[in-house]
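> Pulled these features from Swiss-Prot for this protein:
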- 3-23: transmembrane segment (TRANSMEM)
- 25-45: transmembrane segment (TRANSMEM)
- 59-79: transmembrane segment (TRANSMEM)
- 96-116: transmembrane segment (TRANSMEM)
- 122-142: transmembrane segment (TRANSMEM)
- 149-169: transmembrane segment (TRANSMEM)
- 178-198: transmembrane segment (TRANSMEM)
- 201-221: transmembrane segment (TRANSMEM)
- 237-257: transmembrane segment (TRANSMEM)
- 274-294: transmembrane segment (TRANSMEM)
- 323-343: transmembrane segment (TRANSMEM)
Amino acid sequence: MKPPIFIIIMSTVISGTVIVMTSSHWMLTWIGFEMNMLAIIPILMKKFNPRAMEASTKYFLTQATASMLLMMGIIINLLHSGQWTVSNNLNPMASILMTTALAMKLGLAPFHFWVPEVTQGISLSSGMILLTWQKIAPLSILYQISPTINPHLLLPMAILSVLIGGWGGLNQTQLRKIMAYSSIAHMGWMAAILLYNPTMMFLNLIIYITMTLTTFMLFMLNSATTTLSLSQTWNKAPLITSLILTLMLSLGGLPPLSGFTPKWMIIQELTKNEMIILPTFLAITALLNLYFYMRLTYATALTMFPSTNNMKMKWQFESTKKTIFLPPLIIISTMMLPLTPMISILD
């Protein structure tokens with residue numbers, strides 16, 4: 001893709017998200033979602049091959065269905081209230097339709113089926129955008145309508161997402177699918193806390209985006225897409241490989257890494273709201289995520305997968321440019337736990 005075209009498309013993607021976040025009119029919000037969806041599809045098809053086309057088609061069909069449900073919810077709310085203003089005073093039926101539509105856009109279970117398939121079919125850079133930037137707009141609308149969301153709809157979605165996010169990643173060898181299932185689980189954690197402390201949901205989102213962004217950037221630097229290719233990068237770039245493994249443990253929520261911070265704070269907040277079963281279930285299902293990350297770390301760090309390639313050193317090295325943002329991102333993604341008392345004001 002030529003740089004001027006890429007800049008125009010990325011500007012449209014960013015503009016769509018900003019319009020969704022800043023508009024107070026439901027029609028403008030819907031237009032922002034459409035701008036964002038139509039602009040991201042050429043980015044997903046950047047590598048023009050059948051798998052990318054299939055992934056883009058799946059993404060388009062899912063997002064178009066979600067947009068249709070969102071518009072239905074907007075129209076029902078308009079008929080009930082007579083206004084287009086984005087507010088937390090929604091008709092119950094409109095709230096259910098909007099929550100379902102935004103759950104489809106986010107990839108919350110049971111609408112999660114498109115996330116692993118689409119992520120696997122596109123390039124690492126496109127997957128990075130899909131699993132980070134594309135989560136901001138739907139979550140910002142959920143944040144705005146959180147007082148009217150039906151907990152009997154959202155909390156089962158949250159529990160199912162955390163469960164499927166851990167279960168689905170157990171037998172995966174493709175790194176992009178592992179990141180996709182991790183994304184589903186993290187969205188479940190955010191949905192669980194949304195009804196009780198929406199601000200903490202945004203804190204969780206920031207930490208998740210930072211960790212996922214850093215992990216994908218290191219994957220691109222290492223050209224790693226499978227567990228086999230990751231295990232073969234020790235001779236090529238041992239420092240980057242060890243950083244990837246540390247980040248994966250952070251994504252799994254292993255203390256004392258940064259990924260433990262949002263889980264700790266969410267469980268604490270749910271307990272303060274006299275929820276016992278939900279945080280217990282979330283903590284137990286989070287072990288599934290941690291298990292497959294630790295298994296991947298063990299397999300990569302302490303064993304070597306069978307390979308037909310007998311070369312220990314890859315003769316061709318990737319370019320090491322564009323790493324200026326990596327050091328601060330790596331520090332934030334792994335060492336933020338000591339700063340937790342500073343952000344406890346959100347409680």
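For all residues, glycine too, the Cβ spot is worked out from N, Cα and C.
Computed from a predicted structure; not experimentally measured.
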> When you look at the transmembrane segment (178-198) alongside the transmembrane segment (122-142), do they share 3+ Cβ pairs under 8 Å, ignoring any pair fewer than 6 residues apart in sequence?
yes
> Could you check whether the transmembrane segment (96-116) and the transmembrane segment (201-221) come into contact, where contact means at least 3 Cβ pairs under 8 Å with the two residues of each pair 6 or more apart in sequence?
no
> Cβ under 8 Å, sequence separation of at least 6 from the ends of the transmembrane segment (178-198): give me the contacting residues as numbers and ranges.
103, 106-109, 112, 115-116, 118-120, 127, 131, 135, 139, 142-143, 146, 149, 151, 154-155, 157-166, 168-169, 172, 204-205, 208, 212, 215-216, 251, 262-263, 266, 269-270, 273, 275, 278, 282, 285-286, 289, 292, 296, 346-347
> Can you work out whether the transmembrane segment (274-294) touches the transmembrane segment (59-79), with the criterion being 3+ CB pairs under 8 Å where the paired residues are 6 or more apart along the chain?
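With fewer than 3 qualifying Cβ pairs, these stretches do not touch.
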> Within the same chain, where does the transmembrane segment (59-79) have neighbours whose Cβ lies under 8 angstroms from its own Cβ atoms, ignoring anything closer than 6 residues to its ends? I mean 6 or more beyond.
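Same-chain contacts beyond the ends: 26-27, 30, 33-34, 37, 40-41, 44, 90-91, 93-98, 100-102, 104-105, 111, 114, 118, 130.
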